[in-house]
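Undergrad: Okay, here's the structure, questions in a sec.
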Amino acid sequence: MSNTVGQIIKCRAAVAWEAGKPLVIEEVEVAPPQAGEVRLKILFTSLCHTDVYFWEAKGQTPLFPRIFGHEAGGIVESVGEGVTHLKPGDHALPVFTGECGECPHCKSEESNMCDLLRINTDRGVMLNDNKSRFSIKGQPVHHFVGTSTFSEYTVVHAGCVAKINPDAPLDKVCILSCGICTGLGATINVAKPKPGSSVAIFGLGAVGLAAAEGARISGASRIIGVDLVSSRFELAKKFGVNEFVNPKEHDKPVQQVIAEMTNGGVDRAVECTGSIQAMISAFECVHDGWGVAVLVGVPSKDDAFKTHPMNFLNERTLKGTFYGNYKPRTDLPNVVEKYMKGELELEKFITHTVPFSEINKAFDYMLKGESIRCIIKMEE
């Protein structure tokens, strides 16, 4: 790869030219990394619901043409000036949020919300010069959340790149770049269930299943899945879920159903849907005195919810989390090691694999609700 250092690389990328239209495989030019940046050769990427959301232009600022993708694994091709923690040949995971290492958030043991590199879905350019590193015949193509992994090569801020064990299979650990860590960490790092405890998981999509996996790893004995789609329950058993509640099948609030099932409430609840009603239910279903509810799902812009202050005064705790409270550069390598040691199971999240030329199939699988994670293999 060294003969490309400092040069423009021509490669294939899946370009979204307009909202909701199939991606088109195009030849793009990828500029070399500037100071503080890294150019990665992407080997495997996967589709996350966030990609679909912004591809459908439901986000704040639709930007097209754009190269989506933010869950991926690859190899460092070259680094820009001042980058010291990475070198060509390193195996790495790009992440939609970063760790500059210098801001108050990065210096705090409690936060992963870097001031400089926190997720920005509206920005389609690099921080350095407010320009794109992608172009087609001279026309700039927008970046997406600083990663744009639906390209054989991409340029990412060095603070958003985690160096990982080179023995880790990139076609498996690539899914740790977003959704799996978001759910897993919400349980392990934020809810912190004790062995033998009870945990309710609201929403059994990819993030909710990852939250359930976190409860399984933590040793929870009762893992209650809550979802409006009963067909999801069978699959969820693979992730440690051993009891199920469909709110539509009851004539009382689901928090009351769960409280009755658990002699007053669960020890922990993790909400992974973004639904206001689910947030209220998750908080109100935890036991007084010690119960902790964690919000993961992203609500709509103008949403608000109310609950009685006595729920707090009775010693219930409500927390929020972002990317599972993991610092990307510091913590992600350790999550990869959890997988390498057999503590974390990733294979069960991967339901489909497609070649890069058939990337639109991944969108079809997700839109039909058929996939948890679809791996897109860049080299064919």
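Heads up, the Cβ atoms here are built off N, Cα and C, so glycines get one too.
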Undergrad: With Thr50, Gly203, Leu204, Gly205, Ala206, Val207, Gly208, Asp227, Arg232, Val296, Gly297, Val298, Arg373 listed by Swiss-Prot as NAD(+)-binding, which of these, Thr262, Thr273, Thr317, Thr353, is given for the same site?
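TA: Record source Swiss-Prot; matching candidate: Thr273.
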Undergrad: Report the nearest neighbour of Cys106 (Zn(2+) 2 binding site) in space among the binding-site residues Thr50, His70, Cys178, Leu204, Arg232, comparing Cα positions.
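TA: Out of the listed candidates, the nearest Cα belongs to Cys178.
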Undergrad: By CA distance, which of the binding-site residues (Thr50, His70, Leu204, Gly208, Val296) lies nearest to Cys100 (Zn(2+) 2 binding site)?
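TA: Result for Cys100 (Zn(2+) 2 binding site): the nearest of the binding-site residues is His70.
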Undergrad: Using DSSP with the three-state reduction, classify Arg232 (NAD(+) binding site) as helix, strand or coil.
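TA: Note: Arg232 (NAD(+) binding site) is helical by DSSP.
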Undergrad: How many Å separate the Cα atoms of Thr50 (Zn(2+) 1 binding site) and Val298 (NAD(+) binding site)?
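TA: The separation of the Cα atoms works out to 11 Å.
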